[in-house]
Amino acid sequence: MAKLILATFAVVFMALAATSLAGDPDMLQDVCVADYKSLKGPLRLNGFPCKRIENVTANDFFFDGLMKAGNTGNAVGSVVTAASVESLPGLNTMGVSMARIDYAPWGLNPPHTHPRATEIIFVVEGSLDVGFVTTANKLFTRTVCKGEVFVFPRGLVHFQKNNGNTPAFAIAALNSQLPGTQSIAAALFGAAPPLPSDTLARAFQVDGGMVEFIKSKFVPPKY
């Protein structure tokens with residue numbers, strides 16, 4: 001009996017562990033096209049409610065937003081165009097998404113994390129200096145050229161920088177329909193309400209005036 005209980009516990013534990021390692025929960029039907037209209041009501045859940053199957057069309061599984069380069073005319077010189085469940089409703093419950101990342105010459109996709117997904121990028125044009133930092137603060141970095149691939153582990157801080165004087169772009173794949181993106185600088189210096197300046201000053205070991213100067217570069221979101 002003891003062996004049976006132990007074996008049962010082991011099987012249950014392994015099943016739970018496998019589920020916890022998945023990027024998104026497994027789908028329970030062929031398709032579950034996101035019904036954005038339902039979000040205006042009281043219904044809230046981890047994901048999106050399904051559109052009625054009789055209202056689903058092929059267009060729910062189509063997105064042409066990655067065809068053209070995005071506008072990189074901003075302070076960091078990069079822009080991300082996401083093909084996630086928010087723009088491609090047919091991705092709901094599929095556990096995957098894509099993105100196009102465009103870089104101006106010397107443009108930077110600043111240090112950020114994806115809390116819900118691992119990311120793999122394929123460089124289509126140009127050459128990028130990329131890297132990620134582990135929880136032990138070890139940096140893994142290298143140059144990735146046209147036709148090459150690099151992977152960023154889930155939840156770790158990472159970046160990409162165009163190291164050339166011509167535009168570059170890459171295609172990213174992620175194992176979540178909505179991986180989430182948190183820019184480190186914007187999260188710390190552009191939060192709403194703002195983080196206390198004395199907290200940031202002590203964390204970065206600088207004076208309060210420097211913190212206020214950096215905060216002035218970020219526009220807090222409006223809720």
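Heads up, the Cβ atoms here are built off N, Cα and C, so glycines get one too.
So that you can see what the record holds, here are the features copied from Swiss-Prot:
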SIGNAL    1-22  signal peptide
DISULFID  Cys32-Cys50  disulfide bond
CARBOHYD  Asn55  N-linked glycosylation site
DOMAIN    64-212  domain 'Cupin type-1'
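Known features from Swiss-Prot, placed on the structure.
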residue	record	DSSP class
Cys32	disulfide bond	coil
Cys50	disulfide bond	strand
Asn55	N-linked glycosylation site	helix
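The disulfide-bonded residues examined here are Cys32, Cys50; by Cβ neighbour count within 10 Å, the least packed of them is Cys50.
The distance from the Cα of Cys32 (disulfide bond) to the Cα of the residue listed as 'N-linked glycosylation site' comes to 11 Å. In the domain 'Cupin type-1' (64-212), helix, strand and coil residues by DSSP number 22 helix, 59 strand, 68 coil.
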